[in-house]
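Taken from Swiss-Prot, the feature region 'Disordered' covers 24-148, 191-215, 381-400, 432-462. According to Swiss-Prot, the feature compositional bias 'Acidic residues' maps to 47-59, 125-134, 198-211. Here Swiss-Prot flags 108-124 as compositional bias 'Basic and acidic residues'. Marked as compositional bias 'Polar residues' by Swiss-Prot: 137-146, 383-397. Residues or ranges marked as domain 'RRM' in Swiss-Prot: 297-378. As annotated by Swiss-Prot, compositional bias 'Basic residues' applies to 438-455.
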Amino acid sequence: MSALNNLFGNSKSDAAGTSSIAALFSKPNHVDERKVKSKARTVLTEPEQDKDEQEEENVQESASTVSEGVEKEQEEQEEQPKKKKKKTKKNDEENDNLEVQYYSKVLGDSKSKDEPKDEPKDDSSDSDNEDEATAVDKSSITGTESESAKVINLKEKELAKAERTIFIGNVPNEVITSKKVYKEFKKLLSKDPRSENDDHDDGEEDEEEEESKTKDVKFNVESIRFRSIAFEEALPRKVAFVHQKLHKSRDSINAYAVYGSSNPVKIMCQYLNGKVFNDHHLRVDSVTHPSPHDKRRSVFVGNLDFEEVEESLWKHFEPCGDIEYVRIIRDSKTNMGKGFAYVQFKDFQSVSKALLLHEKKIHEGKKARKLRISRCKNMRKAQGNQSSLQNNKLNDQQRTKLGRAKKVLGKADRAKLGEELTIEGLRASKGETTPVLKRTKNRSKTGRVTKRSIAFKKQNAQ
C-alpha cells in the first residue's frame, strides 16, 4: 500500500491540501491598509571599505585621465604632419626640367636652414607658395641663360673707330682716277702739318705749343674711304666705279681717313682745314666731334645751279674775309647739288660784307645766276618717330652710346643699330687642334710601307 500511496498519493494528504486551498479562497480579498503603512521599509546597505583602498582608487583614476589627455595630444600632433598636401597640376615642361626642380629644392633647403621654423599653416597656402617659388626659380634660371646668350648691338667698335676718323670734303676727283694723285693725297694725310706751318711763322711761340710739338704723334693712316661720288650712268655703284664712269661736271668727292690713334685727329682738323690741294680747298673736320655751325659767322646762299662746285663759291666770297668752310647741300642719291649752300667765315664781321653781294651774278655769260644771300637762322629739325627699340630695357650708359651712334655712324650701321646678337662660339680653323689630341706623324720616306708603294707603282707603270 505504501508503494501505491507513493505513486497515487495519500488520501489524508489530499484532504489537507483541499482544505488549505479552500481556506485560501475563503479569506476576504480586501487588503488591510494599516498593516501596509505600519510595515517597516527595507534599505539595502553596501559593505564598508577601508579608507586606504578608496585613496588608491582615486589616484589611479586621476592618472588614467592624465594619460588619456597626453595620448590625445600626441595623436593630434602626429595627424597634422601626416596630412598629405594637395598636389597641384604641373605643366609638362616643369616635369621635364629636372635641373630646375633640383635647383629649386637646393635653394629651398638652404632657405629653410637659415630661417626659423614657423607654425604650420593651411595646406592650400603652402602649396601655392611652393608653386610660386618653383616658378620664380625656373624663370630666373632660364632667363639668365637666354639673356646671357643675346647682346644688344650698339656698334661699340664702330664708335671707337669713329674717334680716330676725320672727314675730308672737296677732295679732287682725280684721286680716284690717278694713282699719282692718290699717293700725294695719302702722303699729305700721313705727314705732320705743323712742320710746314713753322716755316711761315716768325718763330715766336708759347711754351705750351712747344711742349705739344715735342710730343711724338704718329700719323699712321690705316684706311681711306671715298664717298659722295657722282656717276654719269644709272649703274650699280661698284660697276660704275670699276669702269670709272664719273660725272663730268662734278669734280670733287668726299673722303674718310682712319688713323691708328685719336691723337692726330685734332691736329689735322686745326692745320689741314682750308689747305689747297690740286686747286681745291679742303674741308677737314672730326667725325665724332664736328665743329659747331655758328649762325653769326655764316651766310645762306640760294639760287645756285645744281652743277655748281665749291671752288666757285670760295673765289666769289674770298674778298669778304677769311673763309672757314664752304658747304653745298647735295642729294644723297645723285650726289648733285640741291641749289643752296652755306658759307662760314672765321670772323663775324665778314658776314656784313658778304650780304652786299646779294643779287649779284656769280659767273659771267649765259649761265650767270643772281645769288640770294641772307643771314643764317637756327632751324631745329622736327623729331621723327622713335625707334622700335625699347629704351626701357637699356641703362643710361647704353642709351648714350645709342644716341651717339645715331648721329655719328652711317646709314648701313644705323640700320643694324640696336639689333639683338646671339653669342656663338668660334669657328674651327685649319691647323687649330686641341692640346690633348696628338698630331699624327708624317710617313717616313725610308720606311717599309713607302718602299712597297713605290714598287707597286713602278709595276703598274710598266
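Note that Cβ sites are derived from N, Cα and C of the backbone, with glycine treated the same way.
Secondary structure of the compositional bias 'Basic residues' (438-455) per DSSP (helix as H, G, I; strand as E, B; remaining residues coil): 8 helix, 0 strand, 10 coil.
Residue counts for the domain 'RRM' (297-378) under DSSP, helix first, then strand, then coil, are 18 helix, 28 strand, 36 coil.
Over the domain 'RRM' (297-378) the predicted model carries a mean pLDDT of 89.
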